[in-house]
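A quick write-up on the structure given underneath.
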Amino acid sequence: MASTTLRVTTSTGEVVLAGVDSAVIGRARASNVVINDSQVSRQHVLLAPSAGGWRVVDNSANGMFQDGRRVSELEVRPGEQARLRLGGVDGPEVVLAAVAGAPGSAPAGPPAAPPQWSPPPPVPAPPAPAPYPPAPHTPAPPYQAAGSVAAANASLLPTARAGQAGIPRVAGPVDPTTGSSPSVPAARKTHPIRPGGKIRLGRSRDNDVAVPDLLASRHHAELYLHPGGGAEVVDLDTANGTFVNGQRVARAPVGQRDVIAIGHHLFQLDGTNLVEYHDSGDVAFEAANLNVWAGTKQLMHDMTFRLPARSLLGVVGPSGAGKSTLLNALTGFRPADAGTVRYAGRDLYDEYDELRRRIGYVPQADPLHAQLTVRQALEYGAELRFPADTTAEERRVRVEEVIGELGLTQHADKPVSALSGGQKKRTSVALELLTRPSLLFLDEPTSGLDPANDQAVMDTLRALAKGGGAGSADEQGRTVIVVTHSVLFLDRCDYVLVLSPGGYVAYFGPPDGALTYFGKRDFKDFVDTFRDLENTPGEQMAARFRASGDFVPSAMVAPSVRAAPPPLPSLRQQPVSAQLSTLTRRYLKVILADKSYLRLIALFPVLLGIVPRVIPAPDGLGFVFTDDGQPTINTDATTVLVVLVLCACFMGMANSVREIVKERDIYRRERTIGLSRTAYLGSKIIVLTGITTLQCIVFTLIGLLGRTPEEAVLLGSPLIECLVAIIVAAIASMMIGLLVSTLVDNADKTMPFLVLITMGQLVLASGMFPVNNQPGLGQLSWLAPARWGFAALASTDDLNNVVGRGRPGGDPIDSLWKHNAGIWFLDIFMCLLLAVAMLYLTTIMLRRMEPKVGRPAAAGVAASAVAAYGAQGAPGAPGMPAPGMPGPGMPGPGGYGPPTGAPGYPPPAPTPWPPHPGAGQPPAPGQWGPPGR
Ligand SMILES: Nc1ncnc2c1ncn2[C@@H]1O[C@H](COP(=O)(O)OP(=O)(O)OP(=O)(O)O)[C@@H](O)[C@H]1O
């Protein structure tokens, strides 16, 4: 028989068939080419070598389609190519290409080599009809070769889903007894287990099953194997948790079909074996019919696209088109109200608690302290991101790895402030890569960069998507989704998603296809497209795209309206005390690294201390007598004490007022990776209290030495009592500063608050004029630390008598100034209470700064819009369109299938789930979803 090789290409790769053996394309795991799609039969297509090439025979109930027509059989001859869709005209696509005497094919005689898995080769894409005038062809730069491969395959990529599921697909031929695939040996390991025993899993080598993953704890979980089969998994109180079928568990029974997840490692019982898979990021990512509402306004309309593993997707569109909305929906930060996001076939929203750990997110503003070096920033980042039991050496190794991966070795010891925009962005990406996310999202990474840096960042992202290949520290690559305003280097992407205002898909496909579709010569001209998009209704652009040849119908079922996701526990890796230690050390390092700031905080108390010092008080702060021995009023005492307390309050507030707002981007990002609010605020308070206290000591000594009050009331030393009063007032003002820092969105806005509050304290301190008898003002003054601090100073100094001598009736000027221990203590206590109240308010306001994760609870109108949408079904279903949805006759993008559960339609296929290792046949539908979902 002639030696003809058949190249079978699906969305995730290619199988080369050579020799004399027949092969099967189907959903069954034992198929030679696995396409795990509900439209595909278990043994859908039979491929047999024939005299003329390869015979292709439909063996399914739903059929095999070529050019929209059902065919039962065809022959692919050498040099020919056939594009087939399985299970329907919109089913997953398979491209068959026959090559005579293929290189590397086995010589006649010996048994045929098993089909080999390899990355998809370039497959010529059919020419796309262009709604805009087609642009002359511009040759792609050599660099673009890989992108072109994906681009060429794009027409089949969005529909075919070979071997998906939570566990990496087995793409090559599968041994039906072991379920192992010779082509992906590294992805799967088998650990024999003894029934009736116990095995421990964890990061350290002394475990029965070592899990080499920094997201796993040293001793992570125990698996108890019952003698009669079945098992129970117990989480050993870990930071990252143990998951069974996507749900975090402390202890849970585990059956043969259940999937245990620890970090990036997944385990399944297979008889007397425990089969381990590693989520290396080689998984597809899908968005299906995402709809988002804000009130009655629909921000996103039926967003549908699929990305194969290791793709770089660029999301572009005019301002307000919905890019951030999409990013929030895809990351799960603000889930879509309807529709699904699937990661490796698993529902991201349903299994968010587990899958959110695989997501890296690089915000637009670099979440980095400018004063730290790249290495220090990464080391502190690693401390916060990894479990408390990781050693400094383990973290150091990972930090050095990511420094190398991102090409930052030469810059590792430079402070972030000395980096170029592109290097800063690479450092932000490095922070995210520490935990090896399988999905990386970036929000406007190139904004503000010059073209050279823009290009460098896009090249970096492309390299990150593709991975470094075998043997490199970053072998596998990952899917990278980048939202960008910059269109110049979109050719670096595998796919481009162009959004139209209203969150419509104006285009999705390969970048060169986008140029053709929009009639542009190159991406320099692409900005004009945004103008067109802004001036054309989104529905119209979406309809135009759907009618074009670039549109690939989706095989997804209709969207389901989603209930609001349940609140999830924090991702915290470390106990609060450990975080407090990390954050305090980092904060100190940031301060110590900034020499000019250090000089400033050292000089500040000296300069401020001079202010009360220069106030002449020749008679000191105590009692003054006339020459004839008569007591008289000492007005200097009030002036000195009020200036003293006011300067202290100003100093305390100035220390803190910018400290939260200036790092709000860092705070926001770190909150999503489990930063404790208590630890964060605690670190600020510890460091700032230390600085403020030291400053107050210097300042008080300069201001008061040699003219202290005469007699203490409680602590034995008037100087110490004054010092305590000044420190407490300064710290309470520092707390007010922190509160202000949470209220503003920009550090520059803190200055007016600083001035205003200091002036207010001057009045409310009651030193310029008594406020205690003024209705309203008296009560308001209780909120001013200067009021209590000054009262404590006045109490020590006995100011009622020092300045009130000879007052008719002898009433005290202010009862809070009384010269006794009880009143002094009350003043100090009230000032501290005020500090605590401010701290409490700060913790509340800090929440406002946090990223909004989850759906807004108050979106009552949105809820009703969603409910209406759900009640009448998805687009394409009979009935009225949902608010803002395409009307009748206007199918939604994605060529939706019937609504879930609509009469006359079969129920939707269950979410594909890792097939049972070793099982010869897939289970019946309904068994593939994780139990209990
Ligand atoms: N909570 C909300 N309520 C009402 N409208 C909103 C809300 N959030 C966003 N929008 C609107 O949704 C649309 C999309 O916003 P989004 O921020 O996603 O756009 P974008 O493409 O990211 O814009 P830009 O490029 O300017 O950042 C805008 O018109 C915006 O005004």
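In case you wondered, yes, glycine gets a Cβ from its N, Cα and C as well.
Per TrEMBL, the features are:
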- 23-71: domain 'FHA' (DOMAIN)
- 103-146: region 'Disordered' (REGION)
- 108-142: compositional bias 'Pro residues' (COMPBIAS)
- 166-205: region 'Disordered' (REGION)
- 199-249: domain 'FHA' (DOMAIN)
- 285-527: domain 'ABC transporter' (DOMAIN)
- 596-617: transmembrane segment (TRANSMEM)
- 637-657: transmembrane segment (TRANSMEM)
- 678-706: transmembrane segment (TRANSMEM)
- 718-741: transmembrane segment (TRANSMEM)
- 753-771: transmembrane segment (TRANSMEM)
- 823-846: transmembrane segment (TRANSMEM)
- 880-891: compositional bias 'Pro residues' (COMPBIAS)
- 880-933: region 'Disordered' (REGION)
- 900-925: compositional bias 'Pro residues' (COMPBIAS)
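Confidence for the domain 'FHA' (23-71), expressed as mean pLDDT, is 82. Of the recorded ranges 596-617, 637-657, 678-706, 753-771, 823-846, the transmembrane segment (718-741) has the largest number of C-beta contacts under 8 angstroms with 637-657. Contact between the domain 'FHA' (199-249) and the domain 'FHA' (23-71) is not supported, since fewer than 3 Cβ pairs fall under 8 Å when only residues 6 or more apart in sequence are counted. Long-range contacts of the transmembrane segment (596-617) within the same chain: residues 636-637, 639-640, 643-644, 647, 650-651, 654-655, 691, 694-696, 698-704, 707, each at least 6 residues beyond the stretch ends and with a Cβ under 8 Å from a Cβ of the stretch.
Residues 601, 604-605, 608-609, 611-612, 615, 617, 620-622, 684, 688, 691-692, 695-696, 699-700, 703-704, 707, 722, 725-727, 729-738, 740-741, 750, 753-754, 757-758, 761-762, 765, 767-768, 785-786, 789-790, 793-794, 797, 799, 802-803 of the same chain sit 6 or more residues outside the transmembrane segment (637-657) yet have a Cβ under 8 Å from a Cβ within it. Distant neighbours of the transmembrane segment (823-846): 660, 667, 677-678, 680-681, 685, 713-714, 721, 724-725, 728-729, 731-732, 734-736, 738-739, 742-743, 782-783, 785, 788-789, 791-792, 795-796, 815-817; these residues of the same chain sit at least 6 beyond its ends, with a Cβ under 8 Å from one of its Cβ atoms.
DSSP assignment over the domain 'FHA' (199-249) gives 0 helix, 22 strand, 29 coil.
Across the range of the domain 'FHA' (23-71), the DSSP-based residue counts are 0 helix, 24 strand, 25 coil.
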